[in-house]
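Chemist: Next up is a structure, given as structure tokens.
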Amino acid sequence: MAADKPHMNLAVIGHIDHGKSTFVGRLMYDAGAVPAHVIEKYKEEAKQKGKESFAFAWVMDSLKEERERGITIDIAHKRFDTDKYYFTVVDCPGHRDFVKNMITGASQADAAVLVVAAPDGVMAQTKEHIFLSRTLGINQLIVAINKMDAVEYSEKRYKEVVEQVSGILKMIGFKPGDIPFVPTSAFYGDNVVNHSEKTPWYKGVTMMEALNNLKVPEKPSTLPLRIPVEDAYTISGIGTVPVGRVETGTMKKGDKVVFMPGGAAGEVKSIEMHHEEIPQALPGDNIGWNVRGIGKADVRRGDVCGHTDNPPKVADTFVGQIVVLQHPSAITAGYTPVFHAHTSQIACQLIELNKKLDPKSGQVKEENPTFLKAGDAAIVTIKPTKPMVIEPVKEIPQLGRFAIRDMGMTIAAGMCMSVKQK
């Protein structure tokens, strides 16, 4: 049963049309997660639309509109098992305007598979996705050099693409030697579960073996307790019940906790998960909990619960390292977009542009730049317009990452380097 196996969240990233959905469809199909009759139905539908090669991808693209356009939009959660783990696939779309989905999707992932099409090699989004997944704290990567059937399973072409991808990985601090590269054809299933006869020159692992070789990230239960509040309910006979996912630390009945930035504190009376009372909550648990003396007015979405002896940090200002993904013009000091961090969404002002960095190496390119534009990486000083909890990424990574949104798009992704507390 899947519950006995460790669970991993897997992001699938890469440039549009490089075969991500087909790849995920194939993984699930070969892992026995998709009934054969469903695949047959998709094949038939795809054939009628003249897109026969899309059959497996249709397992993932269950949204009608996407089928018509032939692309994947929202993040789809799919599940499959290997011998060792059970995986939830966080399928990250490839279109440019979907970088926000990538930010919310990738940050839930423990590992990523980068899909690069052999005929095209590295494209703009291949780079952006590698970079973003690194920014968002994904440290385990597997690279699938896909569509090998389209280059007649050429070892020479495979090596060229491996070389291209390795170059980018090195620039941002991955060690290419530690990362498995697998030549695949998701459509035909080469090297996904079984070694392919068409690549006799390839002696490495199959995709399934590479997935089994991933390491389970350690649960951050030794870090200070942090539970971002998603919502708070009033339940008759119990009182106010905040709900949220434990990001770090552990919480037991009887613990003294505080909700920041408001500062309301009390003793934990009960903890519930899946409608059952539990004695303690661990990282990853989605819980509801009741705290003595806390009323509906004391707690709201975006607050963070922690122990009173190590409360969540409330920033007067904080220093962030950001990557500007897109902006119609330029960003200057004084810019006040909305910051999305854990469950909070708060307008914050960039009060100072401290340094412009080379996005590839992290080296300082310019001190106190006058503006930032798409593609730039920078260190900036940020002032929230109202009290906000954020933690340095080195101390509590789960509460140190943020996305900057404005004009209906993701402007930048970033992480908090230091906090000046209120």
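Using N, Cα and C of the backbone, Cβ positions are placed for all residues, glycine too.
According to Swiss-Prot, the record shows the following:
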type	residues	note
BINDING	14-21, 91-95, 146-149	GTP binding site
BINDING	S21	Mg(2+) binding site
DOMAIN	5-221	domain 'tr-type G'
REGION	14-21	region 'G1'
REGION	70-74	region 'G2'
REGION	91-94	region 'G3'
REGION	146-149	region 'G4'
Chemist: Across all chains shown, how many C-beta atoms besides its own are within 10 angstroms of the C-beta of G14 (GTP binding site)?
Modeler: 26
Chemist: For the residue listed as 'Mg(2+) binding site', what is the tally of other C-beta atoms lying within 10 angstroms of its C-beta?
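Modeler: Total other Cβ atoms inside 10 Å, all chains included: 27.
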Chemist: Tell me the Cβ neighbour count for M148 (GTP binding site), meaning other Cβ atoms within 10 Å of its Cβ, over all protein chains shown.
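Modeler: Taking all protein chains shown, M148 (GTP binding site) has 30 Cβ neighbours within 10 Å.
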Chemist: Using a 10 Å cut-off on Cβ-Cβ distances across all protein chains shown, tell me which of the binding-site residues (D17, K20) has the largest neighbour count.
Modeler: K20
Chemist: Do me a favour and check the Cα-Cα span between M148 (GTP binding site) and S21 (Mg(2+) binding site); whole Å is fine.
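Modeler: The Cα atom of M148 (GTP binding site) is 16 Å away from the Cα atom of S21 (Mg(2+) binding site).
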Chemist: Provide, as an integer number of angstrom, the distance between the C-alpha atoms of S21 (Mg(2+) binding site) and G14 (GTP binding site).
Modeler: 11
